[in-house]
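These notes are about the structure you will find just below.
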C-alpha cells in the first residue's frame with residue numbers, strides 16, 4: 001500500500017486547518033469594516049439631513065428672493081407717483097401697515113414652525129432681505145436664526161418693535177423632514193363639520209395654489225398687482241429649484257400634534273384722507289401642540305420667549321380631571337386631551353349663534369384612548385353640535401393620523417377598563433328564557449364539577465356573555481380554551497336532548513391542577529376557584545398575563561365585574577386609638593359555622609364582629625412604637641354582583657364535617673355587614689345551592705348535588721344526569737355547602753375613591769392563622785403591605801377552608817357533634833318569612849306581614865319593603881318606599897336605605913298611614 005509521506009502532513013494541516021481559520025478571521029474583519037462603513041455613511045446621511053432640517057427651519061419661512069423686494073420697491077415708487085396730495089400720509093401709513101403685516105405673518109410662521117415641520121430647501125445662493133428695511137441682509141438673529149437684517153441698527157429696532165415677542169429658539173421647534181399638504185384625503189373634520197368654515201383662500205392653499213390678499217385699495221387708486229406680494233406663512237412648496245415667495249404654508253403630519261385651521265384674511269378700510277391698514281385674523285383662534293413627552297397647552301395670544309413651553313389660559317388643567325377646557329385670548333374654549341407621549345390637537349369649531357355673534361364651541365368627546373375606554377364630560381359654551389354632541393377620540397386620532405400612546409397619565413389609569421362596565425350592565429339586565437337545565441354525565445367522581453357547572457350556567461350575566469360568543473370570535477389561542485368550551489357548553493343547553501358531558505373541561509383542567517380530573521373525589525369549592533381563576537387569566541392573556549397587567553386594571557375584567565367585591569379590614573390600637581384601614585378584593589366569602597351559628601345571618605355577624613388582638617397576636621402600632629392590644633374588624637366595603645358564600649363545614653386536619661343545619665334566606669340583606677361608606681347593596685336573590693351528601697359525617701367521601709333556579713324562576717334538583725323540579729321549601733331545608741346570590745340590580749361603577757387603598761402603618765409580630773374570618777380573594781394588591789399581610793384571609797383564594805378538601809385518607813373519621821339538635825327550617829308560607837332570625841322569632845301572619853330583621857354585631861337594623869307581584873311567572877318584586885326610588889332605575893341614590901332608622905319590626909307609621917296596626921300585604 002502507498003503510505004503518505006511525512007512532508008504531506010504539514011501541507012494538509014495548512015490547507016485544511018490554518019487557511020480556513022485565517023480566511024474566517026479575515027472575512028469577519030472585512031464584515032466588521034463593512035458594517036462600520038455602512039454605519040458611518042448612515043450617520044453622515046443623518047447628519048446631513050439634520051443640517052438640512054436646521055437650515056430649513058431657519059430659512060423656510062424667512063427666505064425671500066431679492067427680485068420680490070425689487071418688485072415691492074417698484075410698487076412703492078409707483079404708488080408714490082400715483083397718490084395725490086394726501087398720498088404722502090397714506091403711503092406712510094401703508095408702509096407701516098405692510099411692515100406690521102409682515103411682522104404678524106412672521107410671528108404666525110414662527111408659531112407654526114414649532115411642532116410642525118416645514119421642509120422646503122432654500123438655495124443658499126439666494127439673497128436674503130432685511131426684516132425691517134427689506135434691503136440685502138448680511139446677518140441674522142442669533143437666537144432663532146430665522147430673521148435676517150442688513151445691519152445691527154435694523155436688528156435692534158426690529159427687536160424692540162416686534163421680534164422680541166416672536167423669537168423662538170431653533171431647539172424648541174420640530175425637526176421632522178416630511179411635508180403634508182392639505183389634500184382632500186389628508187386632515188378632515190367629521191361629517192358634522194360645516195363646509196363653510198374654509199374660505200376660498202384656504203381651499204386654494206390646500207390645492208397648492210398661490211393665494212392673494214383681499215385688501216381693497218380701490219380708494220387709493222392702486223391695483224393689487226402693484227402691492228407688495230403677501231408672504232403666506234402657511235408653508236412653501238418647491239418645484240424643482242425654483243422657490244416662490246407666494247407659496248402656501250404646509251403642515252407636517254408625521255407624529256405632528258398640531259392641526260391648523262387658519263387662513264389669513266386681509267381687510268382694509270380706506271377713504272380719501274383716512275388711514276388704511278391691513279388686518280389679519282385667523283379662523284383658528286387657538287390650537288394645542290405638543291412636541292415633547294411633556295404636555296404643552298398652546299394659546300394663540302401668548303407664547304413664551306424661551307420657546308420651551310407655551311402659555312395657555314389653563315395651563316394647570318391636568319390637575320383636575322373635569323377642567324379640560326383651555327380658553328384662548330378670543331374667549332373661545334378649546335378642548336385639550338393630554339396624554340403622555342402623544343401629540344394631541346384641538347380642533348376648534350366655529351359657528352353663528354342666534355344673535356349673529358360668532359362663538360366657538362368646545363369640542364366634546366367620549367371615547368377610548370389606547371384601546372381602553374374612558375369617559376370625559378364636556379360643557380358646550382356655544383352652539384350645540386349635531387346629534388348628541390359626542391365624538392370619538394379614536395376617530396379624532398385616526399382623522400389626524402396620530403398613533404396611540406403607550407404611556408398615559410396615572411390619573412387616567414383609574415378610568416381604564418379592560419371590559420366596559422356598561423357592557424356588563426347589559427348582560428346583567430338582559431333576559432334569557434330559552435335555556436333549561438340539562439343533566440351532566442358523571443365521568444367518574446365528577447359530581448363536584450357537575451354541581452359547580454350547573455350553578456355557573458344559571459348565572460345570568462355569565463350565560464348572557466357566553467351566548468353572545470364574543471370571546472370565541474376574537475380568541476387567538478390555538479390550543480384548548482376554557483371560555484370557548486363554556487360557550488359551546490351553554491349553546492348546547494338551548495338544544496333538547498340527553499345529558500351532556502364535561503369530560504373535556506375536566507381533562508384540560510388537569511393540566512392546570514394535577515389533582516383535578518384524575519377520577520378522584522375533589523372539593524367543589526376548589527373547583528370553582530380553579531374555574532374562576534382560569535377565566536380571569538384568560539381575560540388577561542391578551543395583554544400579556546397577570547404579571548404584565550397593572551393590578552388596578554385586573555379589577556376591571558368581566559370576571560371581576562361578576563364575582564369581585566371589596567373587603568375592608570380596620571385595626572384600631574387600644575392604647576392610642578389610632579386606626580388603620582386596608583381594602584382587599586374578594587371573590588367569595590368563606591364563613592365559619594361552628595359554635596352558636598345557626599343561620600347565615602349569624603355566620604355573617606360572626607364574620608364582621610370585632611376581634612381583639614392580644615397575646616401572641618398583638619398588634620405593632622407605628623404610633624406607639626411597640627406591640628399593643630388592638631381590635632380588628634372586617635366589613636364588606638363593596639358587595640359583589642354575584643355573591644358566593646361557602647359555609648365551612650369541613651373540619652381542619654380531622655376529616656370531619658359539621659353536619660348541622662344552617663338556615664339561609666332566599667333574599668339576603670347585606671346592609672348590616674357593610675361599611676356603609678361605600679356600596680349600599682340591594683337585596684340578594686338566591687339562585688343556586690350546592691349540597692354535600694356524606695356518610696358518617698366524613699369529608700373524604702360523599703356526593704355533591706345542586707339546586708338551581710333557572711332564568712324563569714323554577715327550582716330544580718340536579719343529581720348528575722337526573723333533573724327533578726322541586727318546591728322552594730325543599731331547597732331551604734337542605735344543608736347547604738355553597739350558596740350563590742345575585743343582586744337585584746347591578747352595583748354602580750366603582751369610583752376613584754375605591755381605586756386607592758390606604759397604606760397600612762403596622763406590621764404583625766408573629767404569623768397568625770385567622771380561621772374565624774377567612775376570605776377568598778383573587779389578586780393581592782402590590783402596594784398593600786400591612787398588618788394582615790401574613791393572615792390567611794389575604795392570600796390568593798385564601799386557605800381559609802384548609803379543611804375543605806376531600807382527599808382519601810386511612811385516618812379514622814369522626815362525627816362532629818352538632819351544636820344544636822334542632823334544625824331551624826324557615827316556614828315558606830310567606831316569601832318574607834326567611835328573614836326571621838333565630839333570636840327573635842315572629843309568628844307568620846295570615847296577612848303576610850313583612851318583618852325584615854337583620855342583626856349586626858352592635859345594633860339591629862331593619863328594612864321595610866312594599867310587596868308587589870307581577871304577572872310574569874309570579875315573580876315577587878321588592879321595592880322601597882315609592883317616594884324614594886322606583887325599581888326600574890338602574891342605580892338607587894345613596895339614601896335609598898335609611899340606615900339611621902330605629903328598629904321597629906312590627907309597625908311602620910309611614911306605611912300604615914298613621915294607623916296603629918301592623919302593616920299587612922296582600923297579593924293582587
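Heads up, the Cβ atoms here are built off N, Cα and C, so glycines get one too.
Residues annotated as zinc finger in Swiss-Prot: 130-167.
For residue 154 (Zn(2+) 1 binding site), applying a Cβ distance below 8 Å and a minimum sequence separation of six or more within one chain yields 130, 131, 132, 133. Reduced to three states, the DSSP call for residue 154 (Zn(2+) 1 binding site) is helix. Marked as Zn(2+) 1 binding site by Swiss-Prot: 130, 133, 150, 154.
When secondary structure is read from DSSP and collapsed to three states, residue 141 (Zn(2+) 2 binding site) falls in the coil class. Note: residue 141 (Zn(2+) 2 binding site) has non-local neighbours 147, 149, 155, 163, 167, i.e. same-chain residues 6+ apart with C-beta under 8 A of its own C-beta. The Zn(2+) 2 binding site annotation in Swiss-Prot covers 141, 144, 163, 167.
Summarising the annotation, Swiss-Prot assigns compositional bias 'Basic and acidic residues' to 247-256 (among others).
Look at Swiss-Prot and you will find 438-744 tagged as domain 'USP'.
Summarising the annotation, Swiss-Prot assigns active site, nucleophile to 447. Listed in sequence order, the residues of the same chain lying 6 or more apart from residue 447 (active site, nucleophile) and placing their CB within less than 8 Å of its CB are 521, 703, 704, 705, 720.
In the three-state DSSP assignment, the secondary structure recorded for residue 703 (active site, proton acceptor) is strand. Using a 10 Å Cβ-Cβ cutoff, residue 703 (active site, proton acceptor) registers 17 neighbours. What Swiss-Prot records for 703 is active site, proton acceptor, and it gives sequence analysis as the kind of evidence.
The compositional bias 'Basic and acidic residues' annotation in Swiss-Prot covers 764-773 (among others).
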Measuring Cα to Cα, how many angstrom lie between residue 150 (Zn(2+) 1 binding site) and residue 144 (Zn(2+) 2 binding site)? 16
Which residues, same chain and not among 130, 133, 150, 154, have a CB within 8 angstroms of the centroid of the CB atoms at the recorded Zn(2+) 1 site? 129, 131, 132, 134, 135, 137, 149, 151, 153
Tally of DSSP helical, extended and coil residues in the zinc finger (130-167): 15 helix, 5 strand, 18 coil
Taking 130, 133, 144, 167 as the binding-site residues to compare, which has the smallest set of other Cβ atoms within 10 Å? 133
Any idea which of the binding-site residues 150, 163 has the thinnest Cβ neighbourhood at 10 Å? 150
